[in-house]
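Data block below; observations after.
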Amino acid sequence: MTKPPLTLYLAAPRGFCAGVDRAIKIVEMALEKWGAPVYVRHEIVHNKFVVDRLRDMGAVFVEELDEAPTDRPVIFSAHGVPKSVPAEAERRNMVYVDATCPLVSKVHLEAERHHENGLQMIMIGHAGHPETIGTMGQLPEGEVLLVETVEDVAGLEVRDPERLAYITQTTLSIDDTAAIVAALRERFPAINIPRKEDICYATTNRQGAVKALSDRIEALLVIGAPNSSNSRRLVEVGRAAGCRVAQLVQRATEIDWDSLQGVTAVGVAAGASAPEVLVDEVIAAFRERFDTTVELVETVKERVEFKVPRILREAAETP
């Protein structure tokens with residue numbers, strides 16, 4: 001039986017960003033240095049495939065520090081943690097490694113700098129997301145006000161409209177964030193803006209790659225976890241760009257094939273915590289059902305790398 005023709009357009013860049021790659025290496029190197037088990041507070045990155053692989057290697061994932069014994073090392077996830085977490089680890093004399101993405105740490109430092117200068121912070125982010133919790137937890141309670149939508153801006157009650165600054169979660173929709181920033185600047189003209197955009201390069205690049213696909217495709221598949229903020233934003237970007245079908249799938253087994261009937265051009269993107277092996281799995285699934293042509297649509301090359309913490313570098317360099 002002849003397979004129907006279909007073109008897969010692969011978004012590039014896609015998949016692992018430098019912060020995710022660094023965080024995964026930290027867990028792997030910690031296991032090599034200290035042996036299993038190594039405890040990780042929260043999923044190191046939001047991807048089940050990655051977490052399951054590290055669990056098989058000996059990582060134990062917990063949600064709170066008190067679930068980890070004091071005699072084993074603990075790693076903080078790439079999303080960042082409130083200041084109270086490392087303080088508690090030190091109080092308990094625990095060995096810990098902070099895998100917070102350096103670009104998230106930059107936002108933390110930015111918030112602290114503004115706080116020291118007497119400014120009240122407004123954070124654009126998603127309530128309950130670990131990154132938002134970690135960033136807001138850098139300052140005393142009440143010093144950071146959270147907004148999620150343009151509508152939230154109207155309801156803000158600030159101490160002094162002349163003494164404000166805003167920061168953002170690094171994995172937001174660029175377009176949605178721009179609208180919220182515009183609302184903030186309209187209501188609070190004196191608000192201090194970041195020296196550099198807080199939304200990270202990888203989020204920006206992956207959303208740009210999806211937009212570049214949009215005029216060629218009828219459907220979009222985003223490979224990523226449902227709790228991955230940046231992956232969910234890619235689905236939203238695809239829908240906003242006019243994709244009739246935009247699915248978020250963790251594995252090829254989750255693809256809704258019925259929704260792809262009659263489709264001849266599909267875009268494939270991957271969130272910043274999705275490994276390339278899952279992209280290969282999706283391509284293989286399409287080749288089983290379609291006469292598949294694969295085309296790469298590359299918008300930018302990424303060359304960003306982040307070093308792992310010194311405690312692990314020294315272990316790796318020791319002969």
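Each Cβ is built from the backbone N, Cα and C atoms, and glycine gets one as well.
Marked as [4Fe-4S] cluster binding site by Swiss-Prot on the basis of sequence analysis: Cys17, Cys101, Cys200. Classification of Cys17 ([4Fe-4S] cluster binding site) by DSSP places it in coil, neither helical nor stranded.
According to Swiss-Prot, the feature dimethylallyl diphosphate binding site maps to His46, His79, His129, Ser228, Ser229, Asn230, Ser273. Following the DSSP three-state reduction, the secondary structure of His46 (dimethylallyl diphosphate binding site) is coil.
In sequence order, Gly224, Ala225, Asn227, Ser228, Ser229, Ser231, Gly271, Ser273 constitute the residues six or more apart from His46 (dimethylallyl diphosphate binding site) in its chain with CB-CB distances below 8 Å. The (2E)-4-hydroxy-3-methylbut-2-enyl diphosphate binding site annotation in Swiss-Prot covers His46, His79, His129, Thr170, Ser228, Ser229, Asn230, Ser273 and rests on sequence analysis.
As annotated by Swiss-Prot, isopentenyl diphosphate binding site applies to His46, His79, His129, Ser228, Ser229, Asn230, Ser273, with the evidence given as sequence analysis.
Under 8 Å, Cβ to Cβ, and six or more positions away along its own chain, Glu131 (active site, proton donor) finds His79, Gly80, Val104, Gly125, Gln169, Thr170, Thr171, Ser229. Annotation source Swiss-Prot lists active site, proton donor at Glu131, citing sequence analysis.
Taking the C-alpha positions, the distance from His129 (dimethylallyl diphosphate binding site) to Cys200 ([4Fe-4S] cluster binding site) comes to 16 Å. Taking every protein chain shown into account, His79, His129 are the binding-site residues, and of these the Cβ with the most other Cβ atoms within 10 Å belongs to His79.
Looking at the residues that bind isopentenyl diphosphate per the record, His46, His79, His129, Ser228, Ser229, Asn230, Ser273, the two CA atoms farthest apart are separated by 15 Å.
Within 10 Å of the C-beta of Cys200 ([4Fe-4S] cluster binding site) we count 26 further C-beta atoms, all protein chains included. Rounded to a whole number, the distance between the Cα atoms of Cys200 ([4Fe-4S] cluster binding site) and Asn230 (dimethylallyl diphosphate binding site) is 10 Å. Ranking the binding-site residues Cys17, Cys101 by how many other Cβ atoms lie within 10 angstroms of each Cβ puts Cys101 at the bottom.
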